[in-house]
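Feature annotations, courtesy of TrEMBL:
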type	residues	note
ACT_SITE	C289	active site, nucleophile
ACT_SITE	H773	active site, proton acceptor
BINDING	C155, C158, C175, H188	Zn(2+) binding site
DOMAIN	131-239	domain 'UBP-type'
DOMAIN	280-811	domain 'USP'
DOMAIN	599-640	domain 'UBA'
DOMAIN	674-714	domain 'UBA'
Amino acid sequence: DSEGGLYVCMNTFLGFGREHIERHYRKTGQCVYLHLKRHVIEKVPGASGGALPKRRNANLFLDLETNSDLNSDDFEYEDEAKLVLFPDHYEISLPNIEELPALVTIACDALFSAKSPYRKQEPDSWEEELQASKHAKTLVQLDNGVRIPPSGWKCSKCDLRENLWLNLTDGSVLCGKWFFDGSGGNGHAVEHYKETGYPLAVKLGTITPDGADVYSFDEEEPVLDPHIAKHLAHYGIDMLQMQVTENGLRDNDIKPRVSEWEVIQEAGMKLKPMYGPGYTGMKNLGNSCYLNAVMQAIFSIPEFQRAYVGNLPRIFDYSPLDPTQDFNTQMAKLGHGLLSGQYSKPPMKSELIEQVMKEEHKPQHNGISPRMFKAFISKGHPEFSSNRQQDAQEFFLHLINLVERNPVGSENPSDVFRFLVEERTQCCQSRKVRYTERVDYIMQLPIAMEAATNKDELIAYELKRREAEAARRPPPELVRAKIPFSACLQAFSEPNNVEDFWSSALQAKSAGVKTSRFASFPEYLVVQIKKFTFGLDWIPKKLDVSIDMPDFLDISHLRARGLQPGEEELPDIAPPIIIPDDPKVRLLYFRRSFLVALDIDESSVMQLAEMGFPLEACRKAVYYTGNLGAEVAFNWIIAHMEEPDFAEPLAIPAFGEVASSGAAAFGAVGLDNQPPEETVAIIISMGFQRNLAIQALKATNSNLERALEWIFSHPELEEESEPALDMMNMENNANANVLAETGSEGPRIKDGSGRYELFGFISHMGTSTMSGHYVCHLKKEGRWVIYNDLRVCASERPPKDLGYIYFYHRIPS
């Protein structure tokens, strides 16, 4: 509404457009609003060559949320402010010290001088400034020949493979102290410092070209190591030798990556701009192109369009008092901006003629700026809340998790991506097998470099490149490896070795292999090409390859078959637990072994741990949610990750206790009139059915000890199966959106045929997911369209062979 301006509630300080202010008044009863209106005065040439003012209205809300660049010398502003009293719309012009109470005047002045919340998002305002360690300059490093590989680390004193620290003096790799950095460890790194006095250690897995996480045991705090590159190079890690040039690009970003940037962005071609609904660009807020690319792809899917834009009036009507903190409101607002066409209009003829006459080109003020959406969706996330570049695949999963946690209506749009993976693990010695299922949203496809069809060209190119580098000549024209898609699909289906596999058939460690198949096919298949890896020299590199991605894909042959005739299952026996001598460590192992005895789903735990969450928090999440799967456990993690004891080991309550704070909090999130999941899980672990456990706890006011007595006093119920009762309880569960539509417990899936058609892909330019640029191509109305932040044009040569993430939709059978 270009005439309406912005209304700010003087009680909540939330801003609304004219079309929503009446609804807010009826909903809250707040009757005092500050009405802000900005008049833009555009300078136009006068007869004598001077600038004459041309007055027009501007929408303050539009200035904040669209790409209106009115900060040039061609514009001046006149701001108008009034107090509006509802319901009579009585207006009081400001300033008006004589008629208004002092408190109201002070509130108005504070609002006028308030700093924009978007400026507060700068990372420098909240990131803690680390100090250089006093040991960094004089650190002594032993010449003991130690070389650290780029992966496969393990604590040299125990079997832990997480929270590992490299001592910079002697190269020892040891686990962190108890729950330092949010993860449980056995404290071997601290013990090593006490024994040797070697003060500095770097956390493995945090080393990037920009630095690493360094901890000083002597100073007892995280520190900076100005000489980190030299200290890491001592152990063969020359990852930080990539220097930054004056133009901000790393040396290996300049050549031979230029062609990649040109091809993906279709540079040098006259691309026709596209306007109208579904052709709206998004402003880059500073390395936010990953968000722009993902959201363009998401809102090209009809299920997301219906869920948020189709339900926009209902979402706005039922939004909370603070809609800036409501996920569904922000999604609906963003979707409306992208699909309405209001922010994607072609320039007027008069404007084009004026530009031709002046021989100048002014950019059109089209597109939206997703500031409020980014601020909300990244809140509390250490990476997405920064202004650094991020991985589009990680953001996609982050978004899907938020969609899962915030259901809108009866249908969850993220159901279209969800599928089940069957994992078959086989002991190579006994030949026995184990079948498990897990939920996934992305098919990760490995690159079969050995299957390149132009190996001779690649060898010749590499020789020329080295000769040019030695002679300091410009590099030769880039030659990309051409990889058949069929080879990548074959690599996906082949068995993989399982590290540290413990065979329950042999009661010992053995060689094991694992294969993955689709237990169900999703409605929309997302395929990620695994382009990013580490070289032997620790330098992260991107496999610059060309893959002939098909427009039509058939993966029906990857359908899971389950246990086959003649196959024998591995016994369901847990591996033995070795109890250390240290009392603290022994306590940790006792707790972990008790969790195993409680039949915690370790596959779900590992799924969550692979996402980067602390292991103990993952165990608690699976335990508190009654082994309902990684998806439900993930919701528990998101709801509890701010709690101070989030990463501490699970404290099992006594049988007479009702529930711990963790279980109570989980119930507060979404379980109404339901027994705490913690106590339900304990009863289930004893071999009783879930419906019987819930029935017993409800009959005994959730007292575990009395519930067990109740079960033993009703043996006839134990033999009965009551799926109706179980389903009734599940329907009361606020997390029922993740249950199967068939009525059985488990994730809701939309299975069908395995035949798909390509409709979109996201491409990445640069050498790392932490740098570079993302662009999205989508097929709309029969033709390909490129979405490059604000620029939306008809694509002439869509680079389908250079994509990073591909989107396929199922072909109706």
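Cβ coordinates are placed from backbone N, Cα and C, and glycine is handled just like the others.
Annotated features taken from TrEMBL, shown on the structure.
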residue : record                       : Cβ within 10 Å
C155    : Zn(2+) binding site          : 21
C158    : Zn(2+) binding site          : 16
C175    : Zn(2+) binding site          : 27
H188    : Zn(2+) binding site          : 23
C289    : active site, nucleophile     : 25
H773    : active site, proton acceptor : 19
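Taking only the Cα positions, the spacing between C175 (Zn(2+) binding site) and C289 (active site, nucleophile) is 37 angstrom. Between the alpha carbons (Cα) of C155 (Zn(2+) binding site) and the residue listed as 'active site, proton acceptor' lies a span of roughly 37 Å. In this structure the C-alpha atoms belonging to C158 (Zn(2+) binding site) and H773 (active site, proton acceptor) are separated by 41 Å. Cβ atoms within 8 Å of the centroid of the Cβ atoms of C155, C158, C175, H188 (the Zn(2+) site) belong to the same-chain residues S156, K157, D159, L160, L164, L174, G185, N186, G187, A189, site residues excluded. For the pair H188 (Zn(2+) binding site) and C289 (active site, nucleophile), the Cα-Cα distance reads 42 Å. A Cα-Cα distance of 6 Å separates H773 (active site, proton acceptor) from C289 (active site, nucleophile). Note on the domain 'USP' (280-811): mean pLDDT across this stretch is 79.
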